[in-house]
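In what follows, a structure is listed as structure tokens, so that the remarks can point back to it.
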Amino acid sequence: MVARLLSLVKSCIGMATLTVSSRSLTVSADDKNTQNEPILDNEMELEAEENHPSDEHSSTTHVYKRRWIIILLYCLYAMTNSYQWIHLNIIGNIVIKYYRESLPDDKFQRETTLDWLSMIYMIVYIPLVFPGTFLLKKKGVRVCLVAGAFLNALGAWLKVACVSPDRFPVLMFAQTVCALAQIFTLGLPAKIAAVWFGPNEVSTATSIGIFGFQIGVAIGFLVPPIVIPNSESLDDIGSHLNIMFYAGAGFMTFLFILVVIIFKERPPKPPSRAQMLATQRVQEEHYGKTLRNLFKNVGFDLLVVTFGVNTGCYYAISTLLNPIVLESFPGHEKTAGQIGLTIVLAGVAGSVVAGIWLDRTRTYKGTTLGIYLFSLAGMLIFTFTLRLELIWVVFLCAGIFGFFMTGYLPVCFEFGAEITYPESEGISSALLNESAELFGIIFTIGCRAMMNKVGTFGLNLLISGALFLGSICTGFIKADYRRQNAEKKILRQLDDAIEINVTNTVSEKTRMTETTD
């Protein structure tokens, strides 16, 4: 889930700079003299928009105050949908106890059935991500968000109807509906930012939208263990499930109504000309050609595998956090939720630090490999210290785990953008996420089986081994920084164009002086 969110950040980074510049500045040496003047005009206009965002006073562009309400609505929706992803697995032992009569008798099958409450989000994403993206392009932001908010609320109300020990299949159907809701809206933050926000606010707006997902996961870890007691009375558990489900359904229905009434497709006037051009480029993406080019890129193929391994391990740990903690600390359901919260919060910090580091160094491969190795080290520390049964050590290791594993995500997306430029970043991100979902399912099932056979120690060794192999594969990825090379080429072309313009201006003034004399 976190990977799918952070992949959206890069959809908007640089939309008003490199994207537009590369379209307007790529000229051949033979026709520089005929094209350098409009090149400079376009670049100066875009630079003026970026450095002096005065679109509010333009007759064709305007930045509206309503934009903050729009992004807040999306943020709240994202929060509720990601909350529903993990809020049942973090109290998995209680869910199994309550729905025991409608679950398989075999222990492994029963626990794996529970895991599918989380994995259904992953399995639904794999076949439907590209149709969801296509729908966003054809029908727009409002249709997708309304559809997503409706399915989200519908899934929440179906959960209200499943509060009975014999209705686990209804619960699974409700969770599937919630999983379908994510397909319509995961690609919206960058789109909303481009349509509603000025060029100096695009990254901030996208980050706010994605922050909603992270807050939802944090709440999903923290709240259910507090609300649902591990009681011996099924009636007591059922009554508290009712409270949690009714509260969630009521809030999500209220949010759906707000989306229908308030959310608009786009402002009357666009926020900037640069965003208009950047959005037009997205509309011109050719899926088939881009996919062929990406699959022919060996470095990207390796990155898809290594990204899937790393993020799949993260998904497996998040899904199985409840049994992992309870094996060493029986009865500590609330502690398991707090450890999950620690992972999320440390991950937010890791993403910020990784972004700042990349902006300053632009060492994509070195940073990717370094974070991969630190993730491996953190997992090994967690593996060999969990047996000490010191809860503060578990919290510390969870923080390290979350910091580096989540910090790896934006770095990997940017590394992918570098080695696949100028292919669509949206499509490359989708392929990376497809790999993450697939490996997430494989590792979750494999780790559950390992846990049942040899315990948590075997599970942690499996994760550590996978991260070790992923680190080796990462070392074989060639540091082919195509986007950086394109930026340098654009700057050289701009310098040449400026030099030509200055030379032509001096020559014109000289001729005018000679004519006057």
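Indices start at 1 and increase along the chain as displayed.
Yeah, the Cβs are placed from backbone N, Cα and C, and that goes for glycine too.
TrEMBL: automatically predicted annotations, no manual curation.
Taken from TrEMBL, the feature transmembrane segment applies to 68-96 (among others).
Taken from TrEMBL, the feature transmembrane segment covers 116-136 (among others). Same-chain residues lying 6+ beyond the ends of the transmembrane segment (116-136) with a Cβ under 8 Å from its Cβ atoms: 1, 4, 85-86, 88-89, 95, 143-144, 171-172, 175-176, 178-180, 182-184, 186-188, 191, 287, 315, 318-319, 426, 430, 433-434, 437-438, 440-441, 444-445.
The transmembrane segment feature in TrEMBL is assigned to 143-160 (among others).
Residues or ranges marked as transmembrane segment by TrEMBL: 202-223 (among others).
Residues or ranges marked as transmembrane segment in TrEMBL: 243-263 (among others). Among residues of the same chain six or more beyond the transmembrane segment (243-263), those with a C-beta under 8 A of the stretch's C-beta atoms are 69-70, 73, 76-77, 80, 83-84, 87, 142, 145-146, 149-150, 152-153, 156-157, 159-160, 163, 223-224, 227-228.
Feature annotation from TrEMBL assigns transmembrane segment to 298-317 (among others).
Positions annotated as transmembrane segment by TrEMBL: 337-357 (among others). Outside the transmembrane segment (337-357) by six or more residues, the chain places 2, 6, 86, 90-91, 211, 214, 217-218, 220-226, 317-318, 321, 325, 367, 371, 394-395, 398-411 with a CB less than 8 A from a CB of the stretch.
What TrEMBL lists as transmembrane segment is 369-386 (among others).
Counting same-chain residues at least six beyond the ends of the transmembrane segment (392-411), those with a Cβ under 8 angstroms from any Cβ of the stretch are 2-3, 6-7, 9-10, 310-311, 313-314, 317, 325, 328-329, 338-340, 342-351, 353-355, 358, 364, 367-368, 371-372, 374-375, 378-379, 381-382, 385-386. Taken from TrEMBL, the feature transmembrane segment covers 392-411 (among others).
Residues annotated as transmembrane segment in TrEMBL: 457-479 (among others).
By the count of Cβ pairs under 8 Å, the stretch nearest in packing to the transmembrane segment (457-479) among 68-96, 143-160, 369-386 is 369-386. Using a cut-off of 8 Å between Cβ atoms, the transmembrane segment (143-160) and the transmembrane segment (68-96) share at least three residue pairs, counting only pairs 6 or more apart in sequence.
If one looks beyond the transmembrane segment (298-317) by at least 6 residues along the same chain, the residues whose Cβ comes under 8 Å of a Cβ in the stretch are 1-3, 118, 122, 324, 343, 372, 375, 379, 401, 405-406, 408-409, 412, 415-416, 419-420, 428, 431-432, 435-444, 446-447, 463, 466-467, 469-470, 473-474, 476-478, 480.
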